Each structure stands twice: as C-alpha cells, then as structure tokens.
Amino acid sequence: MAKFVFVTGGVVSSIGKGIVAASLGRLLKSRGYRVSILKLDPYLNVDPGTMSPFQHGEVFVTEDGAETDLDLGHYERFTDTAMSRLNSVTTGSVYQSVINKERRGDYNGGTVQVIPHITGEIRERIHRVAANSNADVVITEIGGTVGDIESLPYLEAIREFRGDVGRNDLAYVHVTLLPYIGTSGELKTKPTQHSVKELRSIGIQPDILVCRSDRPIDDELKAKIGGFCGVPTKAVVPSLDADSIYAVPIALEKGGLCRQVLDVLSLQDHESDMASWEALVQKLRNPGPAVKVALVGKYVQLNDAYLSVVEALRHACIHCDSALDLHWICAEQIEENGADGLLKGMDAVVVPGGFGNRGVDGKIAAIRWAREQRVPFLGLCLGMQTAVIEWARNTAGLVGATSAELEPATTHPVIHLLPEQQDVVDLGGTMRLGVYPCRLSPGSKAHELYGEEVVYERHRHRYEFNNAYRNLFLESGYEISGVSPDGRLVELIELKGHPYFLACQYHPEFLSRPGRPHPLFTGLIQAASQRLPQSPSEAISQRA
C-alpha cells in the first residue's frame, strides 16, 4: 500500500515547492523506493495547453499526451520516471469532472457542493495515481500559497485524506521562507510562524518544515522555529539558495529531509545511493570551455517558457564537459536588426517551438544565418517548420512559401494542417499530443546519434511538412532522416554537408535527463565544441 507526502508552500509564491517535491522523489528513489509525484494546480483552466507562455511558462507534455505544468518536467528529470495525465490536476478539470457527473445523475439528485464533492474528487485523483503508478510513495505538490482562496479546496482535501489512510501513511511537508532583514542583521521567523498558524487553522499540522533562506540557519534558530511551529527541531530542514537546482537534493539530504519523511511514514531508511548524482553536480560546477548557444525564440522575456530546452542544453553540456553560455535572442529583434549582428560569435543556434506569426521571420533569418555560416543548428517543432520555410524561400526559390498556419492563402504551403486536424474546433487538448514512433534512415546523422532504427518522441503540434514538396526538398541537398512508421509524416530533417543542421517536428527536450542527455542536444553541443579554439595560440588568433 502506498504512503503519501503532501508538499505545501507559505509566505511567498514561487518558493520552490516543485523542486523540493522533485528532490524528495530523487532521495526516495536513491533508497530503492518507487515514487510518483503529482501537481494540484489551483487555476480554473482545464489544463495549461491554451495558456500564454508569458503567464504560465512552458507546457510540459507527458507520454500519454497530457499538457501539464512545467513542474512535471522537474519531476521526470529528477526521478527519471515518466509521469502521466493522472499526475496533473487543475481546479478546472476537477470542476469539469464533478459537473459532468452531476449532469449524468451520478449524485442521485443530491446537492453538489465543494465539500464533499469537490474535495472528494481531489482525493480520488490522488488515490488514482497511487493505484496506477504502483508507487511506494506518492508525493503531491499543492500549487499556490497557504492563505490563497484558490487553494482552500485542495488543503481541505489533504486534511480529509487523513481519514482515508492511517496516520503513519501520510506526511505534511511545508516549504516556507526566512527573509533576511539587513538593518537587524538576522533571519526573521515570524512569516513562517504565521504561515504555519494559517495551515493549522485549516486543520493541518505540518510534520516537517523546509526553510528557504539566503544564508545558513543555525541550531538555535531551528529550535526557535520548531518550538513556535510545533515540529521537532530535527524536522526543521534548511534549504539554502543553491547555485543549481540539481544541487538541491544533495543539500536536502544533508539537512535530513528524507530521513524525517521516512520516520513519519514508518518506512525503513535504506542506504542512499547518490554517488552518480553528486558526480553530475561536480561536473556541472567544474565545466570545461564554454560554448555560446543562441536560443532564438518568441517568449525569451520569460525564461520558463523554454525551461525543458534550457535543461536539455545543460544536460548535454554536462555530458560533453562544456559550460553553457546561453544567449537569449528575441526573434523580433533579428527582424529589426538582422541576424549577423546578434548571432555573430555564436557556436550554435537553437530555434524552439511556438505558435503564431510574431517573430517567425526572425527565426527564419536566424536559420538562414546558421545554414550559410555553417554554425551548428537544432530546430524544434516550429523550429523545424521554419527551417523548411527557409529552405523553400532561399534554396528552392518558392516565392512566398510559408506555413498554412501563418498564411492560409499562401501559394506554397510547405507546412500544412494534418488531415485529422481539418475539422477540429476546440483548441485545448486536440493537437497531435504524446509519444509517437519515428523511423530513422540508416546512414543519417540522426541514426548515428540515436544508435537505433526506431525512436519514440513526444509531440505537440497541428501542422506538418507538406509531402507535395518532398521530392523538391530531397533534390536540393536535404535529407528526410526521420518519418512516421508508415512513411507519411516527416518528423526529422537534416542538411547534408553541414557540420550539424538538424530539425525535428517533435520535442526531444522532454526526454532529456541529467544523467541521460538527449542525443540531438548532445550532438549539437559536440558540434559546437568543435568550433572552439583547440590551443592558446588559436584562441589569441580568434580574438585578434
């Protein structure tokens, strides 16, 4: 039978609950426990699939095609365990389910209320993850901050959860902030005390406190916090600001988080094996020469919009003993100022996914620059589509060529709508989503990188390469190196004779892991590293 851990947050938003939950998952897995993590998001959207990246950040896609919160990406990367649509719960999806049940008559004419019906649905979702994941421990992160009105049904649900399982079968972990006041020269505990007081007023007494701070917490302060908040001093776990999110599990292990959780859950504290993770962090902190990578996007003002892409680049750099020198380039600035001025000196260019017209011409200009300057390039989703448009306009001479998404009346729709998408009306959850197989061409760069003939990748798109232009594409020096098993859909392209020019319709960033980087990103960083000076004299020559 599964045990349950609930992670709440107080004082401020974005305090790092997701990283704490993911880190705890890593620590439990290092002791041999099977783990699943789910996120309860208190917004009324059914899922984040139709939300603006500027408001929500990245949409992370699971194997089974759920569009979810970016925290699920952290869960997967830290635990190296695939999550599913069951691991993402929103207030919108909960209410939708309850209302659908009411319309079907499932409640036998009863009055439908927040308690017990909404809270009961939330509890059922948590139990469903436990039943379907075969996990020893299910960790649930509650979005928002204690005190928010939106989070109240979730907090009530996890309070009620005590009645579903034994007291030794669940633990409450509260993440809080200890702000430092410079004029008094001390960390302040009052916000934490009030946050715990608010949680207690709902009926939840935290078992463990994870205290964020920008400086060390001494034993005296831990004892004070524990005394005021009703937790043992040993259950006050410091969480000092870290130089990398991948260092957080190591810090929380030293602080005793996992041991305290296991103690509350009456589980055995097996020997932890974090050696490979610690080695990874050491490599991250002691990298080799830096590679300059330009990420050319539409949403660069909010870095979280491309979170998995950035993490995939980091994973590849760790593997290649390189430091990542990431340059955020707004595609619209390239439209205004030209590609050369913004991209000159870059060792690699990445064009990630996106939707809509804005910034597309800037992406196309960046791809042309990478092609002509022979700079390693990787295109993802829209990045592949814009690479095809760049080919059509500048190599094939197809005047006005573009995507039917961007200009439905174009005479050369080199990217067009998938046939099965023709009659789709709703935007949410209706794209080509989730894992699909891709057959690679023997002898291609992609086949060399993957080392396999068939790979499985995650998708999120409606538009695809138009096969009416396939022969012309192949005749102009390009190769279609990955297709769907039936050969109908173009999934991966590359340019022959170029140091590294690959673009895929799928999202390889979702499958990259710290200890298992994705081959397409590893190949990009390896190719970028080849551009670095190989000796001091070469470095002087280049600077000159």
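Cβ coordinates come from backbone N, Cα and C, glycine included.
Features as listed in Swiss-Prot:
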type	residues	note
ACT_SITE	CYS381	active site, nucleophile
ACT_SITE	HIS507	active site
ACT_SITE	GLU509	active site
BINDING	SER13, ASP148, ILE149, GLU150, LYS188, THR189, LYS190, PRO191, THR192, GLN193, LYS224	CTP binding site
BINDING	SER13, LYS188, THR189, LYS190, PRO191, THR192, GLN193, LYS224	UTP binding site
BINDING	SER14, ILE15, GLY16, LYS17, GLY18, ILE19, ASP71	ATP binding site
BINDING	ASP71, GLU141	Mg(2+) binding site
BINDING	GLY354, LEU382, GLY383, MET384, GLN385, GLU405, ARG462	L-glutamine binding site
DOMAIN	292-534	domain 'Glutamine amidotransferase type-1'
REGION	1-267	region 'Amidoligase domain'
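Projection of Swiss-Prot feature records onto the structure.
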residue	record	DSSP (3 states)
GLY16	ATP binding site	coil
ASP71	ATP binding site	helix
ILE149	CTP binding site	helix
THR189	UTP binding site	coil
GLY354	L-glutamine binding site	coil
HIS507	active site	coil
**Request:** Let me know the most crowded of the binding-site residues, choosing from LYS17, LYS190, ARG462 and counting other Cβ atoms within 10 Å.
**Result:** LYS17
**Prompt:** If you run the three-state DSSP split on GLU141 (Mg(2+) binding site), which class comes out?
**Reply:** strand
**Fill in**
Quick note, GLU141 (Mg(2+) binding site) and ASP71 (ATP binding site): C-alpha atoms separated, nearest Å, by 9
**Asked** So of all those recorded positions, LYS190, THR192, CYS381, HIS507, GLU509, which one's Cα sits nearest to ASP71 (ATP binding site)?
**Response** GLU509
**Asked** How many Å separate the Cα atoms of LYS190 (CTP binding site) and CYS381 (active site, nucleophile)?
**Response** 48
**Request:** Translate the DSSP assignment of GLY383 (L-glutamine binding site) into the three-state scheme.
**Result:** helix
**Request:** Calculate the distance in Å between the alpha carbons (Cα) of ILE19 (ATP binding site) and HIS507 (active site), and round it to a whole number.
**Result:** 22
**Whole-number mean of pLDDT values that fall within the region 'Amidoligase domain' (1-267)** = 95
**Asked** For GLU509 (active site) and ARG462 (L-glutamine binding site), what Cα-Cα distance in Å is obtained after rounding to a whole number?
**Response** 19
**Message:** I need the CA-to-CA distance for LYS17 (ATP binding site) versus GLY383 (L-glutamine binding site), whole Å please.
**Reply:** 32
**Prompt:** Which ones are near CYS381 (active site, nucleophile): of the recorded positions GLY18, GLY354, HIS507, which have a Cα within 10 Å?
**Reply:** GLY354, HIS507
**Asked** Rounded to a whole number, what is the top Cα to Cα distance in Å among the residues the record ties to L-glutamine, namely GLY354, LEU382, GLY383, MET384, GLN385, GLU405, ARG462?
**Response** 14
**Prompt:** Taking every protein chain shown into account, which of the binding-site residues GLY16, GLY383 has the largest tally of Cβ atoms within 10 Å of its Cβ?
**Reply:** GLY383
